[in-house]
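Peer 1: Sharing a structure here in structure tokens format.
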Amino acid sequence: MLQACCVEYIILESDNLSSLFPNAHISMGGFEMDSHHLFALMTTLAVLPTVWLRDLSVLSYISAGGVVASVLVVFSLFWAGLVDDVGIHSKGTVLNLGTLPVAIGLYGYCYSGHAVFPNIYTSMAQPSRFPTVLLAWYLKLLKLPTSSQKLNSADDDFNLPGFIFAWFCYPCSFSICTLMYAGVAYMGYTMFGESTESQFTLNLPQDLAVSKVAVWTTVVNPFTKYALTMSPVAMSLEELIPSNHRKSHMYAICIRTALVISTLLVGLAIPFFGLVMSLIGSLLTMLVTLILPCACFLSILRGKATRLQGVACIIIIAVGIVSSVFGTHSALSKIVESLSS
């Protein structure tokens, strides 16, 4: 799932840079590369050195800029709509049942970021402080040490009940995300209606200063997130390296380079930002966000869970399965339709 999110970053960069420089291309002999392919390749080359970093503490400082960038993009949208009066009060259909399965996948994708939490938890010098970190997640009041640091006291051992407590009982970051998503969805649809693109930055008039701020901030944003998102995938694969070669950084560089190239190839093969996002949300995020947490909760607590908790978890699992099936089928159908047209 995290690797699929990195594919989205490549597509995002390609779309926005192409909107800024639509005539950019490379023509060399019989080889031609249009703006979308060119900027996708340039983005891949730009993020590659950041992926080679294995120190999560360094990546945490890079990713901190992503929070500022996300807030700035949201602010730019509201400024364009409320101050510059761009496309405000556009008409459109409030409920479209035909695209509801795709919308469900998009909703799911919005909550896919917490898949990196286990890696952050195990990389902390004091995992017992994870609840405090999670509470302040979007304020970036956290300190991520290197993954090679050893845990030195009994208080720093893996605390599974504490981890579950943090996972379920601190919805602060998710509440902030929900408010931002709902605000952007309402403002974007109010401004652009049925003509809303998969990225609202593509709808903003290019002659406005706030539009340039939004687009360039969106361009910068993936660079702050790509490495941290890919890191858990790379670290998992690096566990397969023979123990006598793990100290060699060359193996890690080869694995991480291959992962980055794979995201480029997929992004070029399926360059549909909204549909890929919906597919990730339906197929993968529903599993990680709704189904697995509740299933693990019931499995760990077993008979200790109350009847209300058991019923709530079963309902959430059922909703997750139904949403995943319908959303995945709809997203795949539209991707195949778009590729064949």
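Glycine is no exception: its Cβ is also placed from the backbone N, Cα and C atoms.
In TrEMBL, annotation is done automatically, which means it is predicted and not curated.
A quick note: this is a predicted structure, and the numbers were derived from the prediction, not measured.
Feature annotation from TrEMBL assigns domain 'Amino acid transporter transmembrane' to 5-135, 169-329. According to TrEMBL, the feature transmembrane segment maps to 36-53, 59-82, 94-114, 160-189, 249-273, 279-301, 308-332.
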Peer 1: So, by DSSP, how many helix, strand and coil residues make up the domain 'Amino acid transporter transmembrane' (5-135)?
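Peer 2: The composition, in the requested order, is 93 helix, 6 strand, 32 coil.
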Peer 1: Counting only pairs 6 or more apart in sequence, are there at least 3 Cβ pairs under 8 Å between the transmembrane segment (279-301) and the transmembrane segment (94-114)?
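Peer 2: Contact criterion met.
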Peer 1: Thinking of Cβ pairs under 8 Å, which stretch from 36-53, 59-82, 94-114, 308-332 has the most of them with the transmembrane segment (249-273)?
Peer 2: 36-53
Peer 1: What residues elsewhere in the chain lie close to the transmembrane segment (308-332), defined as a C-beta under 8 angstroms and at least 6 residues from its ends?
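Peer 2: For the transmembrane segment (308-332), the list is 99, 101-102, 104-105, 108, 275, 278-279, 281-283, 286-287, 289-291, 294-295, 297-298, 301.
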